[in-house]
Amino acid sequence: MAEIEAMEARQAAQYGRVERIRELLDLGECTPDTLDADDCSLLHWAAINNRLAVARLLIERGCNVNAVGGVLVSTPLHWAARHGHAHMIALLVTNGADVNIRDVEGFAALHVAVQFGRTPAAAYLIASGQSVDARDETMMTPIMWAASKVFSRDPVRMLITMGADLSCVDATYSNTALHFAVLHGNHIAIRLLLKHGAEVAARNRDADTPRDIAIKRGDAESVRLLEKAERQRGLLPSSFPQKIKENSVLVSRVVFFLPFIVMVATGIILHISLVWYIKALSLLAVFVGARFIYTGIFNDESFTILPLGLAVASKVLLIFTWLSFLHSFAGWYFQILFFILAIVIPTMFVKIALSDPGIVSATHQERCKMIREIWESEQPAAPFCATCLIKKPARSKHCSACDRCVLRKGNFKNLYNFFCILPTGDDDEQ
């Protein structure tokens, strides 16, 4: 107890001793704007250590929320942003902190948050009015810093979702965000930027495109990604194998029909009269060929398309087999039942495949409002999707297949249709 009483104001702010701060303020031994030797205020130390109670007390006593100090001549907002304390940032902003103040390096709090990969903090600053394309002294935008410094998906994806301009260039080298991603070998950022339409032919002050920089650096993966993007946009010629493999529509159709072809070929081989070892070799050739085709044209969508093709092929072949070989051995009631199921199952399947799965969407204004509500609330944080930047409704979850938040994860919102088709799926598996 004596140790707490002996604490000076700065230590009390660092360790969150709000009663000690109140005592010192009441005794007049410090003021809300007391500075240390580096011109750092008590609010600076409360902000960097996420001491919300201390910060509230200092703000109630009239401290300057925009005080500047420290080596970088920065505000408490900069300090909180550096460490990603989103609740502290919300407290400061709602009490008058200026998001546009720059430190000695020319960075606003948003630039600092992005450089250190503090995605929630950066999202809140943008939702509170900071421009997503705010420039620093060298005219670099937050997404340029994210592409340069952060080797994870969240900051770049968040900035793109919030409307970042991918065509902006800096003042020093006239580099775009894609140039910076290539310069630093940030393959995660390169993929995201290309996916969202970043310009691949843009030239910087040295007349280099992103691919030119990748070639100079000897970065084979970046060269591969950029060449593929240029071919898809008609900027580079494609060989015949490349045209096949990089044609997403063609690949999707081949992968979709591949299970059907394999099943039909397998059935024909087993049905015709051949010596057993010829049948074995033929089956082996079918499966090796299918494997060769699949691996040769494999892309990120193949994992989602192949199961769909398998489901459709199994249903079609089941109906064909029944009508061609089995119906004559079944009673009239089984034939009526099968006829009904043959109509209902495909109908439900198509309806599930083509109907809205329950995607949760939001406008930019709604998204900003949700972000502010989450971090400004003193209640426990609501479930939040860092990818879609929305508050998730009950039972919803981010779907990795469609890359969106959906209602009723597991069967999406088509609950009735799902239960109608579920028993037939179990029968097929048996």
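Cβ coordinates are placed from backbone N, Cα and C, and glycine is handled just like the others.
Features as listed in TrEMBL:
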| type | residues | note |
| --- | --- | --- |
| DOMAIN | 383-408 | domain 'Palmitoyltransferase DHHC' |
| REPEAT | 38-70 | repeat 'ANK' |
| REPEAT | 72-104 | repeat 'ANK' |
| REPEAT | 105-137 | repeat 'ANK' |
| REPEAT | 173-205 | repeat 'ANK' |
| TRANSMEM | 250-270 | transmembrane segment |
| TRANSMEM | 276-294 | transmembrane segment |
| TRANSMEM | 306-326 | transmembrane segment |
| TRANSMEM | 332-354 | transmembrane segment |
Exercise. Against which stretches of its own chain does the domain 'Palmitoyltransferase DHHC' (383-408) lie, if we need a Cβ under 8 Å and a gap of at least six residues from its ends?
Worked result: 119-120, 123, 154, 157-158, 161-162, 304, 357-362, 366-367, 370-371, 373-374, 415
For this session: Tally the residues of the repeat 'ANK' (38-70) by DSSP class, grouping H, G and I as helix, E and B as strand, and everything else as coil.
Result: 16 helix, 2 strand, 15 coil
Problem set entry | Model confidence over the domain 'Palmitoyltransferase DHHC' (383-408) (mean pLDDT, whole number) | 77
Problem set entry | Other parts of the chain folded back onto the transmembrane segment (306-326), taken as Cβ under 8 Å at six or more residues beyond its ends | 255-260, 263-264, 267, 294, 338, 342, 345-346, 349, 353, 425, 428
